[in-house]
Structure formats: structure tokens, C-alpha cells
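Taking it in order: structure first as C-alpha cells, then the write-up.
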């Protein structure tokens, strides 16, 4: 026989390797697969491994010029999903050499770039990734992290409080700054630009930054506490985004903000580097996440987006609430909250954690609870999220019948009451409403 045999071949001959022992340096992925009727699970799993690594639909002569064995992704395990018909979890191991160092963009392009449109699959969802220290060490990660942020703000032993300024679109810069001042003066730690506030005709970014900085310094002088406002630096180009971050630094404010999914991981990582080099904290909003993570059987779970963000860099990230207006299952939410802030997270399928993740010493990210929460949720939030979190009340502050500042006071008083009650050993789940009522007096 001459050369090699061309033609379409079964992926599972090369890419389904149940005997494979995973390496410490491999990136591991768990995919929830729904194969098309008549496609065996092994073939589907192998196809996923092939298409997201070295495979193509036919044998090519250039395969002879490289070592497939060294570079191919391998589907090393498949398990049926309990309670679902024709759904499987496929485990795939990728050799580290397939990925560019320090690039979340390249990691995602490789793992989820192409394979989700694959004909043999009806649906595919990336449930989790195991990032080996050999790879995570090539990333800077969060510009500062939880501990450094607490030291910069001089705030300890409690969750931090935030508030999104509403109405999100339409206020002039001067009135916007006024709303910021009232909230911070009332006792909040942070206020926030809404994710869609960038630089629109009714309020250009530079004017907003100036009036907000004035509000910050005034409220700081009056309360003796460090205050912040997440100035949204998200823009249409990376250059413009960095220009806004530079101006924020020149004003001397403590924190800026970015929409990391719409802005993109490349822009986000650039901004994170700038923030670390210039002492700015970085707040991350997850606008667009539900487009990717809402469907159970197709897309990417938020825990994958959360891991990607911790690598790319951010000091805060929105992470659902467990109690407010947006959906979130408690155990699963706490699973990715721990993936954001802890050093070492044990595999625990009941919390949706498919792999043990060791971040070594990469800084942690504050999870932000935001969306439809108000003062009566405070005991539950304090209990669920613990101290290392940011609790954000938009309408729950500005909707106070007496105005913004009293709304802010109410939130701060409720938080302090819950933290004190917890520290005294009271049961927040049972006595929550009572604790809030006492605090109202």
C-alpha cells in the first residue's frame, strides 16, 4: 500500500481512550452532550475531543508531520446523566501545549470555539473546566483580590454594600453625581454605573467621571470612610476603554468597571493589567451571560465563565443572588461562588463542581449579589454569602419612600444588625425578620 488511507473515519478509533490516565498538566473539561438519535455516546464524545483539538473530518497527509499522540484531546470517560434521556457527561483531557499561555481568549477558542455547532450533537454544554496550576500560573488573575481590597478600603468583618444608580439611562451627569453622593453619604460603600451606561448623548463619560469623583470625595470627607463608585470604562475599542481608565486614575478614584463578556476577554485582560499597575480595583459585570449559560443542555455554565474571569482578572463579579428576581439554585450558586474566592475547591457534584480546582495562590474575586434584592433579604444574604461578598441593592436603596440617603441608611443598619446577630450566635435563617424589625427602631 502507498502512503495512507484517506476517507471519512470513526473518531472513536483515535479520540476515545477510556484507558487514559489524566496528567497533572492537562486541562480537563466536562461536557454535557445530547447526541443526535442513532449516534453512540462514545462516537459523540470522541468527536467533541477531536474537533476541539487536532481532529478534522478526514485523514490528512500532514498528520504524518506531527505527533497526534502528543497533541490530541482525549475523551477518557463518559457517564449517562441521571434522570435525563440520551444525555451524557463526556470528560475530555487536553494537553497543555494546545494553549497559548496567559490567554483566556485562546483557551476558550480552542475548547468551545467550533464544536458546539457539530452535526452529530443535538446540544452541548461545557459544565466545568479543571485549570491546572501549570496553566493558571501563566495568568495574572485579579488585579488585587479580596484581601488587598479590604486593606485598601479599610473595611473588615462584613460584606460590602453597593447600589446601582437608577434610572440607569437618562440622568444628566450632575444629577447622577448627586444620586451617588446621597447613597454614599447614607452609608453604602459603593455605588455603581449600570452596565449599559457607557458614554451616551445624554451623559458623556468624562462629565460623569468628574461629577462622580466630586460626590465620592465629598461623601468620604463627611463620613470618614473610604467610598467608591464603579466607573464603567467599557467602550467600543480597547484604546478608548484604557483612555477612560487612565482618566479615572488621574481623578484618584479607587475603582473602575468593565462588562467582560460584551467587552471581550482580550479587552478585559488588558484592563486588568492596567488596574494592577495603577492601583485601581476592577468591578466586573456579566452582561450577556444568560445568552451563554441559561439553557441547561446547551452553552456554557456560568462556573466556566467565572473561572475564565478569575484568570483574566477582576476584583468583583456579579454572581446571582439565590433570593432576588433572577434565577439561581442555591447549592450550585455557592459552588461557583467558592470557585471565585477560595484557593482550593474540592470536587463536589452536588454543587456542580466536576473537578477539584487548585488555584494555588491566585487572588480571589468578591462575588456580587445583585438583582431584585432588598432589606428583608439581608439576613439570608449574610448567611448565604458570608463576609466576602458585595451585596448590591438598586431599587432596594433608591426605592425608599424618603429618598436615596435614608434608603442607604436602612441597608447599612440592616447589614450591621445581621452581622452583629450572627456574631452573637443567633440563627439568621429563623430570626431574620425579627432582627430586621428590631433594627428598624
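Each Cβ is built from the backbone N, Cα and C atoms, and glycine gets one as well.
Residues 114, 164, 168, 286, 318 are given by Swiss-Prot as substrate binders; from 53, 219, 370, that same site also lists 370. Ranking the recorded positions 166, 168, 192, 286, 318 by how many Cβ atoms sit within 10 Å of each one's Cβ puts 192 at the top.
When each of the binding-site residues 114, 164, 370 is scored by how many other Cβ atoms sit within 10 Å of its Cβ, 114 comes out lowest. Neighbouring residues of the recorded Mg(2+) site, listed in sequence order and excluding 192, 194, 195, comprise 164, 165, 168, 193, 196, 197, 230, 232, 257, 285 (Cβ within 8 Å of the Cβ centroid). Taking Cβ-Cβ distances under 8 Å and a sequence gap of 6 or more within the same chain, the neighbours of residue 285 (active site, proton acceptor) are 195, 232, 257, 258, 259, 260, 317, 318.
Within 10 Å of residue 194 (Mg(2+) binding site), counting C-alpha to C-alpha distances, fall the following of the recorded positions 164, 166, 168, 370: 164, 166, 168. Ranked by Cβ neighbours within 10 A across all protein chains shown, the binding-site residues 194, 195 are led by 195.
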